[in-house]
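Here's what TrEMBL has on this protein:
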type	residues	note
BINDING	Arg41	L-glutamate binding site
BINDING	Ala75, Ser76, Trp99, Thr147, Asp166, Gln189, Asn231, Thr232	pyridoxal 5'-phosphate binding site
DOMAIN	5-345	domain 'Aminotransferase class V'
MOD_RES	Lys190	N6-(pyridoxal phosphate)lysine
Amino acid sequence: MKKHNFSAGPSILPQFTIEKTAEGIKDFAGSGLSVMEVSHRGKDFVAVMDEAQALFRELLNIPEDYSVLFLGGGASLQFCMIPYNLMSKKAAYLNTGAWSAKAIKEAKFFGEVVEVASSKDTVYNYIPKDFEVPADADYFHFTSNNTIYGTQIRKDFDLDIPVVCDMSSDIFSRKIDVSKYGIIYGGAQKNLAPAGVAFVIIKNDLVGKVDRAIPTMLNYQTHIDGGSMFNTPPVVPIFAALQTLKWLKANGGIEAMEKINEEKAALLYDEIDRNPVFKGTVLNKEDRSLMNVCFIMNDGYEALEKEFLEFATGKGMSAIKGHRSVGGFRASIYNAMPKSSIQALIDCMQEFEKKHAK
Ligand code: PLP
């Protein structure tokens, strides 16, 4: 039976990435050795790093005065590195989900955190719109896509202080204006590569402004100076990331990806809105994520939740169970998710409706 992978992360990657990575694991650059077995300072791996950074720049149109880093520790280590390197006194955070909250928790180790707004009281089912960012904050942090709750902010904030964004779950899915940001970061394990590497796009002149001493590995300057090769980088995830970047470019880049993502999400949201058995969890349609589609059983059908999960799983839908804090279902439909898999889920929903609609 064909499996349709709706996992939130680690999640579906292009078949191209998986095949090319498997080839490189067996025989890297015709060397007869695995990419896992060769020096990261050898010319073949240096070429991988250079090309991955160059494609990042090309696909996202990253200005010259930014660096592209590939670091260990996941997005979670960035929750700490950002305030460590950028916060002198206080920073502003928008709290739109569990990952924002985790970033806030780490920032509090380094100074005052101003939570400009929060949707926590309603289990993060909307994006707060009315808030002010203090002009004297060292930076403003937000999470563009809330993987757990299925909400997304698809705009670039235009502020006079540096804007820092966790784009773990929507990088490369839509157009962004990098010049509006100080730092864009994320774990790679959704739209880019296997787990084990975080990407950091950082404006070079942001670092070196705080007075505190920063341990070498946690200092962005170390990694900017070392071209992301200060220590041994996660070579296999970076090699895999390069394959995804090549796939993105070959498939029309971000603009094409955004268009397809809009079409894919619309297909599924239209069905959720039409089908009487289900309903979406996000309060306002404009806040709905194009990457993680959250829905629950409609009123009167709550008792059928387990049955639908079993029914859909039996038809090859993998990992559609919602996060425990939201319940119901979550279909993660990242870049590599084909329309045909979304259609397969819709077919399941319609078949279930025929059986059960009152
Ligand atoms: N931020 C967001 C939006 C996420 O979805 C995740 C993981 O799912 C993280 C941060 C944490 O990433 P990592 O596991 O790489 O630390």
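In case you wondered, yes, glycine gets a Cβ from its N, Cα and C as well.
Scoring each of the recorded positions (Arg41, Lys190) by how many neighbouring Cβ atoms lie within 10 Å, the top position goes to Lys190.
Secondary structure at Trp99 (pyridoxal 5'-phosphate binding site), as computed by DSSP, is helix. The binding-site residues in question are Gln189, Thr232, and the one with the fewest Cβ neighbours inside 10 Å is Thr232.
In this structure, the CA atom of Ala75 (pyridoxal 5'-phosphate binding site) is 12 Å away from the CA atom of Lys190 (N6-(pyridoxal phosphate)lysine). Taken residue by residue with DSSP, Ser76 (pyridoxal 5'-phosphate binding site) is part of a helix. The Cα atom of Arg41 (L-glutamate binding site) lies nearest to that of Asn231, taking the recorded positions Ser76, Trp99, Asp166, Lys190, Asn231 as the candidates. Checking the recorded positions Arg41, Lys190, Asn231, Thr232 against ligand 1, none has a C-beta less than 6 Å from an atom of that molecule.
Rounded to the nearest whole angstrom, the C-alpha distance between Ser76 (pyridoxal 5'-phosphate binding site) and Lys190 (N6-(pyridoxal phosphate)lysine) is 14. Non-local neighbourhood of Asp166 (pyridoxal 5'-phosphate binding site): Ala75, Gln78, Trp99, Ser100, Ala103, His141, Phe142, Thr143, Ser144, Tyr185, Gly186, each in the same chain, at least six residues away, with C-beta under 8 Å from its C-beta. A straight line from the CA of Asn231 (pyridoxal 5'-phosphate binding site) to the CA of the residue listed as 'N6-(pyridoxal phosphate)lysine' spans 24 Å.
In this structure the C-alpha atoms belonging to Thr232 (pyridoxal 5'-phosphate binding site) and Lys190 (N6-(pyridoxal phosphate)lysine) are separated by 23 Å.
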